[in-house]
Structures are given as structure tokens and as C-alpha cells.
Protein chains: 2
Amino acid sequence: MIAIDGDRLLADLDALARFGACETGVDRVAFSAADVAARRWLAERMREAGLDATIDRVGNVIGRDPTARHAVLLGSHTDTVPRGGRLDGALGVICAIEIARSLRAAGAAGGAIGVDVVSFQDEEGTYLPFLGSRAFCGTLDAAEIAAARAEDGTALADVMAAFADGPEPQRLDPTRHLAYLEAHIEQGPRLETAGRRIGVVTGITGIRRFRVVATGTANHGGTTPMALRRDAGAALVRLAGWVHDRFPALGGPETVWTIGAMAFRPGAANVVPGEAEMSVEMRDLDVAVLDRMEAALAAEVAAAGRGGVAVSIERTTVVTPTAMAGDVVAVLAEAAAAHGETPVRLPSGAGHDAMVLGRIVPAGMLFVPSIGGISHNVAENTASADIVLGCAVLAEAVARLCQRLAVASR
Amino acid sequence: MIAIDGDRLLADLDALARFGACETGVDRVAFSAADVAARRWLAERMREAGLDATIDRVGNVIGRDPTARHAVLLGSHTDTVPRGGRLDGALGVICAIEIARSLRAAGAAGGAIGVDVVSFQDEEGTYLPFLGSRAFCGTLDAAEIAAARAEDGTALADVMAAFADGPEPQRLDPTRHLAYLEAHIEQGPRLETAGRRIGVVTGITGIRRFRVVATGTANHGGTTPMALRRDAGAALVRLAGWVHDRFPALGGPETVWTIGAMAFRPGAANVVPGEAEMSVEMRDLDVAVLDRMEAALAAEVAAAGRGGVAVSIERTTVVTPTAMAGDVVAVLAEAAAAHGETPVRLPSGAGHDAMVLGRIVPAGMLFVPSIGGISHNVAENTASADIVLGCAVLAEAVARLCQRLAVASR
């Protein structure tokens with residue numbers, strides 16, 4: 001078993017949380033002064049761990065094991081949402097540094113397979129979601145960077161000046177990077193509800209998001225008889241009810257769906273709604289499940305247009321599911337078992353850098369419990385013992401994976 | 001049959017529509033310069049018709065027949081909503097003046113029962129709904145006037161200065177005013193849809209309006225399993241579906257109900273709604289029907305609080321139904337028949353000054369068709385022939401009513 005130093009890990013997490021500290025959380029959006037300072041600090045920690053560290057022009061901090069030809073890449077991101085938590089992303093990066101340090105201390109470094117560490121930039125999408133991991137994987141073109149702006153209008157190209165002294169964006173090297181592992185807080189309630197401490201992610205769910213609009217005729221709610229109404233709101237209520245009634249049978253056991261937004265226009269108590277709009281979102285690991293739900297929804301929308309109300313549907317977001325690599329999932333589960341834990345195998349309903357990496361390199365994720373399921377909030381937290389255990393399990397999984405990859409590459 | 005002068009009627013409507021003319025409609029909100037000028041013009045027209053005209057301090061223009069001890073009161077209002085139509089209210093006031101003139105010309109004036117004419121102030125509620133008719137009926141106290149403000153913050157007490165040279169608010173005199181009749185555009189589609197030209201109003205519907213709020217927990221739409229959600233939006237969708245499914249059986253043939261507003265918070269496509277709010281409104285002439293619907297809704301709301309979602313209901317508006325007087329309804333129907341028309345008997349789902357008057361004096365209303373059912377809009381209109389016919393039917397009804405009242409009072 002690889003020994004990690006839990007106190008050192010927690011101290012580094014605390015030290016990182018001082019960059020952009022905000023009440024009990026952190027406000028460290030990509031390219032903010034706090035983010036830039038944190039990345040320079042991270043590069044120093046990586047150097048102390050014996051890694052060659054660079055901060056490239058998009059802000060990715062990458063530490064390479066100078067003693068190894070091949071490497072398992074460990075990491076996550078250190079940017080946050082505004083007024084976010086201290087662990088979302090940071091946990092995976094600090095665990096990666098701690099594991100690199102511990103493996104070196106254990107004399108495990110210098111083998112055929114080393115450990116590289118990364119903190120990707122702007123996973124949260126202040127300017128461009130997954131900016132760092134997409135640049136690293138070569139799936140981002142210059143035009144996207146040139147067009148990207150924050151909500152307040154600030155151009156990504158302008159704020160990138162903070163890292164203009166860095167090298168060209170570093171790229172994943174398929175001959176070097178044999179796998180990517182990411183530790184992260186769950187950002188949901190499943191581990192806590194199940195009373196488990198370790199989650200092994202089976203994949204990052206695909207997302208289909210739709211805007212559904214009903215168009216009827218706005219009319220006086222007192223003088224328009226029921227039979228003469230073209231009530232866009234009533235049509236949408238019926239459709240939303242159908243979604244909640246029918247999706248349980250159409251989805252799988254892990255499928256989630258959300259009607260997160262609903263609005264009637266003009267929206268006055270005494271006016272029959274002339275227009276109504278809602279969002280419908282569904283997430284699952286299985287494209288076939290998403291296809292089946294989308295087809296059923298589209299058929300119901302087509303049938304909903306009656307009584308002078310037209311209903312239209314537009315697909316606004318598509319994210320393809322990304323399965324985690326079977327052998328990485330297996331080694332994470334073995335490592336958890338080696339620590340006496342029975343992990344929960346679960347999909348991640350939130351996006352992560354592992355989704356971008358997982359499309360081109362074998363990838364896996366380990367989750368630790370989020371207290372109360374809370375994230376993207378200054379109240380976000382995880383028990384210290386769970387953080388230390390998560391890092392230890394990940395370290396064990398990395399050691400086992402490096403060993404297997406070394407055997408395989410001989 | 002009493003003869004009215006249709007051309008003179010239409011010319012007066014055109015002349016009045018020049019005060020506050022706005023595209024094809026009128027913008028003449030209460031106490032605006034256009035409203036004040038229109039009221040001074042109306043007082044002149046009343047004087048020309050042989051009436052003693054005054055504009056009292058709230059802006060009501062009242063013309064008294066100086067030759068009669070008793071009178072039937074005819075009228076409506078001449079204020080409009082912003083960017084409103086040329087007929088809403090104005091039609092009833094100009095018809096009243098035309099009928100007073102015509103009866104005088106026919107030598108019908110000077111009998112025991114005369115015709116008084118009124119244009120009430122601020123029926124539309126720019127400052128205080130039914131200000132004029134409520135002041136006239138003595139159901140408005142000084143504190144309400146002192147507190148009333150327009151949406152832009154302007155105090156009613158300040159704008160009332162425009163009529164400060166007028167007498168104390170005139171009051172309905174039960175020994176003089178034996179009935180109140182009001183002609184109005186329908187503001188709905190029923191006459192046009194039925195192919196009829198005259199509507200006789202059976203009553204002004206009561207209104208019950210509710211705010212229904214569901215409170216659950218906002219959560220990540222990707223990471224929160226369906227079984228662990230407290231989805232306020234789903235609870236409200238279910239309740240709204242129940243309203244649309246069950247109210248047809250609970251209401252009567254004339255009942256209308258509207259869910260005019262619905263909103264989810266925070267309202268993002270990827271967040272389970274933590275709070276959802278909707279309005280529910282119902283209108284009917286029969287208090288028992290409204291009671292039955294309200295009780296069923298309250299029971300369903302009480303049952304809807306489950307799965308960690310609480311649902312509350314608050315009654316925000318109550319308007320008591322006002323039946324029109326049976327003998328006035330009968331004489332309006334007879335007058336329509338005398339003109340070869342089969343009237344539609346229908347409730348008014350919109351409020352009118354006749355609702356305020358009808359609580360203390362026998363009242364009746366005559367509707368003419370609204371083209372396309374449109375009102376509160378510059379496109380509001382009625383065929384000229386229908387306007388003239390409506391005035392002629394009302395004149396006939398007034399003549400018959402005066403005759404009967406004179407017999408009864410002998």
C-alpha cells in the first residue's frame with residue numbers, strides 16, 4: 001500500500017483555499033487575480049514534488065515527471081464558479097500533487113510509468129467551458145478562443161494575457177499519457193445517502209436539453225369562455241405532466257430529467273397565456289436511452305398541437321455520454337476494497353475534465369461524499385477523513401495501474 | 001319606438017376619441033390632460049342636451065334632468081387604460097347623452113321619470129379602480145383616496161387638483177335614481193362567435209384569485225437522483241394539471257378559470273426548481289360554485305404537500321358576484337326583441353361600474369360585439385351599425401323602463 005500524508009494534503013488544500021477566500025468558500029474564477037496567483041503557487045508545489053512544471057498560455061499548470069517516459073496523468077481544475085466551494089476541482093489537483101510526492105518518497109518514481117499532474121483552466125466555463133482540457137486534447141480551435149467572452153463581456157483573448165509568458169498550450173501526448181485519473185467531490189447526495197465514502201464513476205452522462213414553446217392567443221381571463229380559449233399555458237402544463245408521468249418508464253435506473261424553467265407570457269393572473277415556454281433536460285450514460293426519450297418527447301410535442309395551440313421543440317444542448325475506461329474503473333474499485341471500502345458505482349451527472357480526456361485516453365474518476373450534496377456554493381464541504389481516504393484510495397489505484405501498465409508495455 | 005340619431009351618436013364618439021387620440025385608439029388615463037379636457041367637453045354636451053351638468057371633485061361628470069324628480073341613470077366611464085380603445089366606456093357615456101337628447105326631442109322629457117347621465121372617473125384603476133362609481137355610491141373613504149397612487153408613484157390626491165373647483169363628490173340619491181343602465185362593448189368573443197348583435201348581461205361575475213407556492217429544494221439537475229429530489233416545479237405542474245382536469249366538472253356552464261402566471265425558481269434548465277409559483281383565478285356568477293371550486297382546490301393543495309415539497313395557497317383577490325336586476329334584464333331583452341334581435345344572455349367576466357352601482361340600485365348592462373373580441377388595445381372596435389343598434393335598443397329599454405317606473409310610482 002502506498003502511504004500518503006493526510007495532514008500535508010489537508011494543509012495544501014487549506015493553503016490553496018486562501019487564494020480567493022470568500023466566507024467559508026472560494027471565489028476564484030478563471031483568470032482572476034486569485035486564479036493566476038493560485039496557478040503560480042501550484043507550479044511551485046509541483047516543482048517541490050520533483051516535477052517539471054509549466055503554465056501554458058491558456059493557464060493549464062502541468063507538472064511532468066522528468067524520470068519517466070510514460071505517465072499516468074492525475075488532476076482536475078483549480079478555477080471555481082463565483083462564490084464557489086473550496087473543493088470542487090481543487091481536491092483533485094491537490095490529491096494529484098500529494099500522490100506524485102508520495103510515490104516519489106516511496107521510491108516508486110523512476111519506473112517506466114511515472115505520474116504527471118495537471119490543473120486545467122476554466123473547467124467552470126467563465127469564458128469557455130473545459131477551456132484547459134479541450135486545449136490539452138486539441139479539440140479547441142483558435143476561432144473559439146477568439147470569440148469567447150465572459151457574461152460581463154470581457155474577452156478571453158484579453159485575459160489570456162496573464163499567461164502570455166508561458167509556452168504554447170501543452171498537448172496530451174498519446175505515447176506518454178497512458179491514462180487520466182481525477183478525484184472530485186460527488187456534488188450530489190448519493191454517497192452520503194448510501195452511507196458510503198468512495199464512489200467509482202462509470203461514466204459522464206450525456207445531456208439532451210430542449211426548449212419547448214407553446215403558442216396560443218393571449219385573452220381576457222374573465223371574458224373569454226373556456227371553449228374559445230387557445231391557452232398556451234394549459235398545453236404546456238399537460239406536456240410537463242406527461243414528461244413526469246412517462247419518463248420513469250422510458251428511462252433507465254440512473255436516468256435523470258429536469259423541467260427547470262417554465263414561464264407563461266404575458267404572465268398576468270387575469271390573462272390567458274398566449275405563449276408558454278419550458279426547458280426539458282435528460283441525462284443518461286446510454287445514448288439509446290436518450291434517443292428513446294427524445295423520440296417519445298418529440299412525438300408527444302407533435303400530438304400536443306391542438307385546439308389552436310401550436311407546440312414546437314428545439315434541441316438546445318447535446319452532450320455525448322463518455323464511458324470511463326473499464327480497466328480504470330476496475331482498479332479504482334480494487335483500491336477501494338484494499339482500503340476496506342465497498343464503493344458505489346455511479347454515473348456522474350455533472351461534466352468534468354475527465355469527460356474531455358476520456359474521449360481520447362482511458363480515464364477514470366473517484367468521488368468522495370459531498371456533505372448535504374451541496375456544491376457550487378461556499379457551504380460545499382467534505383469530511384477531512386473522507387478527503388484523506390479518497391486520496392489514499394486514488395494513490396493505491398495509481399500504483400496498481402502504473403504496475404499493470406508497466407507490465408503491459410514491456 | 002324612440003328614435004335616436006345614429007349619425008350624431010357616431011360623430012360624438014369620433015369627437016370624444018380625439019381627446020387622447022393614439023393611433024387607431026385612445027390613451028386617456030384618468031386625470032391626464034386628455035381626460036380632463038374630455039370631461040369638460042362632455043359637460044358641455046350634457047348641457048346642450050338640456051341637463052344640469054357638474055364635474056365633481058373626483059372627476060365624475062353628472063348631468064341631471066332638471067325637469068324630473070326621479071330618473072334612470074345612464075352612463076359608464078370615459079377614462080381608458082394606457083394605449084386603449086376608443087369605445088371601452090366611451091360608448092356607454094355617448095349613448096347615454098344621445099338617449100337623453102332623443103327622449104327630450106321626442107317630448108318624453110318632463111315626465112315623472114327623467115334620464116340622468118354620468119361619466120364615472122378612473123374605472124380602469126390608474127389610481128383606484130372604480131374611483132368614480134365607488135365615490136358616487138358612498139363606498140369609498142377618504143383614507144383610500146389619500147393612499148392611492150399610480151404605478152409611477154403619482155398620488156391620486158395630487159392629480160385630483162384638476163377638479164378642485166368642482167362640488168363635493170356627488171352621491172347617488174336613492175329617492176331619485178331608480179335604476180342604472182350601462183351600454184358597453186363585450187370585450188370578449190361570444191356575440192361575434194354566436195353571430196348575435198346584442199348581449200344582455202345577467203350579472204358581473206365574482207372573482208377568486210389565488211397565489212399557489214410550492215417549496216422544495218433547488219438541486220443540481222445532473223447529480224441529484226430522481227428519488228432524492230424535492231422538485232417544487234413538478235409538484236406545481238401536477239397541481240395545475242389537476243385544475244385543468246377537474247374544474248370543468250366543478251364549475252357551471254359559464255364558469256371560467258385561468259392559470260395566467262407560472263414561474264420556477266431559480267429557473268435554470270439544469271437546476272431542479274426549489275420554488276415554483278402560479279396564479280389560479282376563477283370567475284362565476286354563483287358564489288356556491290366559487291365556494292365549491294375553492295374548497296376542492298384547497299383540499300388538493302393540502303394533499304399536494306408530499307415528498308419533501310410543501311405547497312401553500314393564499315387568496316389574493318375576492319370580488320363578490322353582482323346580479324343584474326331581473327326586471328332590467330327583462331326590459332333590455334324585450335327592447336332587443338322589439339328591434340328584431342334575439343339577444344345573448346351572458347355574464348360579464350370583466351368588472352364594470354354597473355357592478356358597483358348594482359349593489360345598491362337595480363342595474364342592467366347591454367353589450368355590443370367586440371370585433372375579434374379585442375379590447376384594452378388600440379385595435380378595439382365595433383361595427384358602426386352595431387353601435388347604432390345598441391344605442392337604439394338601450395333607448396327603447398329606457399323608455400319602457402321609465403314608463404313602468406312611472407306607473408309603479410303613481
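Cβ coordinates come from backbone N, Cα and C, glycine included.
Model, not experiment: these values are computed from the prediction.
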A:Asp88, A:His184 bind Zn(2+) 1 per TrEMBL; candidate in A:His70, A:His77 listed for that same site: A:His77
Least surrounded among the binding-site residues, given as A:His184, A:Arg209, A:Arg283, when other CB atoms within 10 Å are counted: A:Arg209
Residues that sit under 8 angstroms from A:Asn270 (allantoate binding site) by C-beta distance, when 6+ apart in the chain: A:His220, A:Gly221, A:Gly222
Binding-site residues, contacting chain B; criterion Cβ under 8 Å; candidates A:His77, A:Asp88, A:Glu124, A:His184: none
A:Asp88, A:Glu124 as binding-site residues, winner by CB count within 10 A: A:Asp88
Integer Å distance between the CA atoms belonging to A:Glu124 (Zn(2+) 2 binding site) and A:His77 (Zn(2+) 1 binding site): 9
Those binding-site residues, out of A:His184, A:Arg209, A:Arg283, that come within 10 angstroms of A:His376 (Zn(2+) 2 binding site) at the Cα: none
Sparsest-packed among the binding-site residues, when each Cβ's other Cβ atoms within 10 Å are tallied, from A:His77, A:His376: A:His376
Inter-residue Cα distance where the pair is A:Arg283 (allantoate binding site) and A:Glu124 (Zn(2+) 2 binding site), in Å: 19
Integer Cα-Cα distance in angstrom, A:His184 (Zn(2+) 1 binding site) to A:Arg283 (allantoate binding site): 19
Longest CA-CA distance among A:Arg209, A:Asn270, A:Arg283, per record bound to allantoate, angstrom: 37
